[in-house]
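Everything on this sheet refers to the single structure shown next.
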């Protein structure tokens, strides 16, 4: 009805060779829509406030506060009767606002990262030139170039292409991929290109695509909880239950003492409104103990720490797609990395060639002249034909009029070499017509093209991994361009050449051809009978900084293994240069590895440092065994479509942002935007920082919990009153939950973190070192507060009618300053120097300063609400002095040795890697 794909292109005012005009983009978007899917509106700040108010304990406290106001007004009148209840309500609102603000900020951050995840770049033809654009800028009528591993960005129709195999499982649920051609031209958004390449014309974008319609019926799921959050929720539940027991006991003891006192003085039959107020306050204190005991700051600390790390990593060229990955990366004990583009720069140039039985270096113009004189015009013509016909690279003219070559780095290197040859001798007529193309993929390790020759007949060109192509050849061309048999001597000479190139850290590729009279449309390229034309030695230099990054991995107890599809000699040369391959390590080829028995693998895998000539399934097998047999936490890098299973199987999948396909990125947890190995180490650093920061926070919080619970319980049992009121406990709760999380969870990583082994699977989160610090600090604080409580009036000569209130204020103030100094102490769990890096940490300094200022305001100006009285400067000195002694206690505790094997959850026992004054 529309006249096929040609008819559609006329109706949407576009041409296949020129594409759409850039000036029409706004008009097209207003008519056909924008290529974005409708998103749920983001939650407002007040929704987060409402969520924070749903906390059960806070609701009970609010009820207590209202009861306190009602009873207080009845017994003490306005305004005095309001103070207790109003103080609790204001404290609750402060806690709610700080929690909501923190959650709201995280949600905005995650939204920003989510948009970054969805922003994919694709190649289109516009205004007659090929250009790279964001998927969001795509319009109806655009001519899109698709290749292996791409995600189809919009609905469209196939124009032309080769062997285009589309995986439609995300839409149809059918696992079998579908071949798309001019007979079946429909290509749908959200599907993935599994093989081949093609051009398509866009016919629908955004919510008007099939995928968009499907999306509109689904609501997006949130982030799953990370393993650490799950672990900490368990810790929080246990602590909460302990708090509940203490709170119940405290309330029972207070009530029992109150009833006994009442029975002995005025009798149980006489009740007054003040009695009701006392009981309400007892109940509020008990509920507040639960609030203090339940460490709701734990999940907040994890989220804060992870979000902070994600933001920083984004600036350092790593996009974390899943929250858990950042934390898991800190435990990684093995990194299986690709070679090309990750360890090397991916800027390739042809460095050496072997043609017509001579090997030449091609680094200068003089070497091109030598080659020109060394081989005949027919051999020259055959070489150029092979380079230009059997390639996926193409020359495009940019908007500035300059010509650039687009394609994979290997293709670009060979294509540019071909262009430099072409300038040396007028090229023969290359007007061949492509009949069939078999694109490169990592399983076959070769690409082939069938062309029809101008003089009649057909010719296959095949290019790929040197061993595979040489195996397919039984002839070779000589200097005159004649085809001669490939004798055993010549084959040995070729193998030696390949090995010598590889030993110089060059990637080797071969180009061969085969003339055929007839061919089968559906058959693959012939497996043998080819004639070898040339061996290319392609130089891909090691990235600067990689050797240092590998060394820091080894220091950190992380084993780096190189898994590559390259020749074993090339792989070994690069691995030695990077410091990956050591004297006691093994380099193995993929086929040898996959044929080993499980028992042989158990002995072999720990020693493997390089795996060459590997298939994606070999990488998958290695990862599975490392995780299954050795319980390793494994990180894997990948860029191709076929790497998806290994990325998915690994604990952390790292996809390459530049060289990686969309399929690889979708299966990865982290996208390395600059494809650099050093960035991967940065992710590990931040992962460790997250884990250790949460440990610091838990250590700090458990200390506050133990002290607050014990002091109130003991005081209730002995004196019949709790020294810390509901309002005071709520303030302490905020110091240790929200503000503590902010201060300790956002500490940046330091070099010390990368000088210890990674945390093993199933390690105890709370280590012996942490217990040592928690118990030591708790004992000190309990002794100090106990002495103040029972002997403070005599020791400090506190007299007068308000001596009890002054003492309780002093206890509260000393308690808070103990927490402030203990927070500083918690910055280092093992090192005595707790001030390292403190000046540069503005968040920490800000939180500590705000806590101190607020404490002064509460004591000096908000006594009516907080049940405190202003203190003299001598008592302020006492509070600060008692708090600061906890720094000395911390230093003494760190000198007490703890049995190795548990520090920072080290599976093998932590052995210091440096013995120097710092350790002493």
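Placed from the backbone N, Cα and C atoms, the Cβ positions cover glycine too.
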Of the residue ranges 36-55, 56-75, 116-135, the one that TrEMBL records as transmembrane segment: 56-75
Feature transmembrane segment in TrEMBL, mapped to one of the ranges 842-867, 894-919: 842-867
Which range of 810-830, 873-893 is transmembrane segment, per TrEMBL: 873-893
Given ranges 681-701, 702-722, 723-743, the stretch to which TrEMBL attaches the annotation transmembrane segment: 702-722
Reported mean pLDDT - the domain 'Cation-transporting P-type ATPase N-terminal' (1-73): 85
Among 81-101, 238-260, 774-792, 873-893, stretch most in contact with the transmembrane segment (842-867) (C-beta, under 8 angstroms): 81-101
Helix, strand and coil totals (DSSP H, G, I; E, B; other) for the domain 'Cation-transporting P-type ATPase N-terminal' (1-73): 45 helix, 3 strand, 25 coil
